Amino acid sequence: VIIVPSAGVGIVLGGYIIKKLKLGARESAKLAMICSGVSLLCFSTLFIVGCESINLGGINIPYTTGPSLTMPHRNLTGSCNVNCGCKIHEYEPVCGSDGITYFNPCLAGCVNSGNLSTGVRNYTECACVQSRQVITPPTVGQRSQLRVVIVKTYLNENGYAVSGKCKRTCNTLIPFLVFLFIVTFITACAQPSAIIVTLRSVEDEERPFALGMQFVLLRTLAYIPTPIYFGAVIDTTCMLWQQECGVQGSCWEYNVTSFRFVYFGLAAGLKFVGFIFIFLAWYSIKYKEDELQRRRCREFPLSTVSGVVGQANQAEKYARTTSCPAFSTQAEFHEETGLPKGFPGTTQTYPGPFPEAISWSADPGLNESPSSAL
């Protein structure tokens with residue numbers, strides 16, 4: 001709903017800009033470079049807009065009071081459920097009255113169960129659900145401080161739990177979708193420019209082959225392997241794997257914070273590599289065009305070159321003089337004029353009806369009658 005419309009509008013706008021401004025290969029590459037750079041900067045906003053992971057007992061929150069658990073210290077079995085004979089392969093999460101999600105009612109130490117009027121199962125006398133101090137990661141505005149939350153339940157007796165995960169307070173969906181729309185829109189504006197650069201960088205008879213090779217590279221480097229390496233990176237953020245008969249299955253719970261940074265970090269890295277290649281393409285086109293301009297000026301060593309400039313109504317024409325960086329000396333031999341080596345010459349441009357008029361004469365007094373028209 002967000003990506004497809006934003007990409008469609010971005011592609012149409014990119015094509016309209018190219019058509020309206022009549023951009024060539026060099027300008028199209030510059031437009032693609034600008035869009036890629038701006039989208040890369042806007043991409044950084046997706047890192048800070050997200051939710052926190054749930055507190056899962058025995059996984060990232062210990063059964064007793066203390067800080068968050070690390071990977072080597074994760075253990076679903078604690079002193080409160082060690083004698084319950086719980087199965088650690090049946091994932092049936094319950095939300096404790098202390099705000100912690102437990103793997104299943106047995107691992108929460110619950111003894112009794114019953115159904116509420118809403119159909120949600122209620123568990124009581126849960127030994128692992130008790131009053132505790134939960135230390136959660138810092139918020140966006142508190143980078144160097146830990147947020148301490150005191151969860152008050154029963155002081156002298158065990159707590160209770162209800163089936164299902166504990167709900168999280170997260171209101172970042174709308175800002176995230178807005179930033180995602182902007183990033184996708186700006187990125188899509190560069191796609192028409194990439195096609196234009198491809199078509200204008202090869203000969204006319206090679207354009208179908210160039211487009212074919214471009215799509216082959218896109219599918220080989222992006223469309224086909226993307227699910228593989230993105231999936232491998234995402235799997236590194238899993239904090240609870242399914243285990244059945246000693247075989248690792250799918251992921252039950254992800255570390256949402258790590259998921260966000262790993263996923264968008266990989267995407268941002270790929271976008272940065274793409275920006276580097278777009279910059280190299282623009283620099284290559286710019287260098288070739290500048291080299292071609294210098295070569296043309298060396299091939300025409302006259303100090304001025306006259307061109308025809310017509311008005312919009314084509315009623316009257318004037319001569320325009322363009323200067324080249326290369327200059328000729330009076331001692332050079334010009335085959336066009338037939339002047340001998342070392343023979344002095346003068347040039348003069350006339351704004352008359354002739355497209356271009358350049359006169360050469362040995363005597364400055366003969367400049368009034370042009371001898372040749374080019």
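Glycine is no exception: its Cβ is also placed from the backbone N, Cα and C atoms.
Annotation comment: TrEMBL describes 74-127 as domain 'Kazal-like'. Mean pLDDT for the domain 'Kazal-like' (74-127) in the predicted structure: 80.
For 336-374, the entry in TrEMBL reads region 'Disordered'.
If one looks beyond the transmembrane segment (29-50) by at least 6 residues along the same chain, the residues whose Cβ comes under 8 Å of a Cβ in the stretch are 14, 17-18, 23, 140, 172, 175-176, 179-180, 182-183, 186-187, 189-190, 193-194, 197, 256-257, 260-261, 264-265, 267-268, 271-272, 274-275, 278-279, 281-282, 285. The feature transmembrane segment is assigned by TrEMBL to 29-50 (among others).
Look at TrEMBL and you will find 173-197 (among others) tagged as transmembrane segment.
Per TrEMBL, transmembrane segment is recorded for 209-230 (among others).
Residues annotated as transmembrane segment in TrEMBL: 261-285 (among others). Non-local neighbours of the transmembrane segment (261-285) in the same chain are 25-26, 29-30, 32-33, 36-37, 39-40, 43-44, 46-47, 187, 190, 194, 197, 201, 229-230, 233-234, 236-237; each lies 6+ residues outside the stretch with a CB under 8 Å from one of its CB atoms.
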Give the nonlocal contacts of the transmembrane segment (209-230) in its own chain as ranges (CB under 8 Å, at least six residues past its ends).
195, 198-199, 201-202, 263, 266
